[in-house]
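*Asks:* I'd like to ask some things about the structure below.
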Amino acid sequence: MESVLSKYENQITIFTDYLEEYPDTDELVWILGKQHLLKTEKSKLLSDISARLWFTYRRKFSPIGGTGPSSDAGWGCMLRCGQMMLAQALICRHLGRDWSWEKQKEQPKEYQRILQCFLDRKDCCYSIHQMAQMGVGEGKSIGEWFGPNTVAQVLKKLALFDEWNSLAVYVSMDNTVVIEDIKKMCRVLPLGADTAGDRPPDSLTASNLSKGTSAYCSAWKPLLLIVPLRLGINQINPVYVDAFKECFKMPQSLGALGGKPNNAYYFIGFLGDELIFLDPHTTQTFVDTGENGTVNDQTFHCLQSPQRMNILNLDPSVALGFFCKEEKDFDNWCSLVQKEILKENLRMFELVQKHPSHWPPFVPPAKPEVTTTGAEFIDSTEQLEEFDLEEDFEILSV
């Protein structure tokens, strides 16, 4: 069995070694909210792309759950894409969108700490072990392929155990983002303001929340906003193409999870009608923390030109990601959505102020009352019963 798996892994590596060069064109390339003029800024573009953390299949890590697989080749691609999206959010949170990575250059301590969150060990908060085991609570067996919505739900639940990054993760439902719910989840009350009377009134609108309300709240919990969508039945509906591309132009953009059936990619931008993506389908050997307490990061950055895909070849089941470090970033995102997304006759998703009356009441997610750490908590899948099962709505074409 091991020899068969090794052969399969090597085959994946060979298939992904070929990366087409970019054409010589005057068109703009958009990468996670930043634009590059391809003809004159190609090296700057490739440097921007290589700074993104790149997570791929790995092998020879400790068996998941003690007796499970020691490689995620063939099934973990969407989990790796989810890791890449989340890692980009953490980069923006601690280092900023304009931070750049250089090979063999000493990096900030925050960078190393971010990287260690994703190592393939059960004690790392966003490891393949944690994600696969949390997926059991979403109805996915360990070793089963995940869809975009399932990965989003897994990240939302794992983030509850991550005190260092302290993210609020909001996953939209029914193609609808609710401003009121996000504000309720992300606002952190001033120290000592623990009574209901100290909470900001729910009636505040998106327009006046950005100004004149700072007295109500001293802090904003950084927001990872994930919007799972289905943009067609068996293939993407062309009516959504322009709105989908607009999302990559937003400064809050974290790209998109998607791809083709059973083949997930992390989409980070576009050139014309081609989506630019990082491909996790390369199998590399597990990397652990070194004796000096740091991680050798050379295999966590893609140093070749990334691949491209015509947007109409994209499977319609996707998940958009956005990061809003401050409340003003979220207010700006709402304005951009109103201007660029909601103007369409057939809207990609809805943005509403109030919580829909026919929905169950919104309860901000909270860490379950357990005495163990997050890593230990999901080491026992029986304890996943404390989480509600989220419906995995995506229906991938076959």
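Here the Cβ of each residue, glycine as well, is placed from N, Cα and C on the backbone.
These numbers come from a predicted model, not from an experiment.
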*Asks:* Which stretch, out of 125-128, 177-180, 393-396, is listed as motif 'LIR' by Swiss-Prot?
*Replies:* 393-396
*Asks:* For Cys77 (active site, nucleophile) and His281 (active site), determine the Cα separation and express it in whole Å.
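*Replies:* Cα to Cα, Cys77 (active site, nucleophile) and His281 (active site) are separated by 7 Å.
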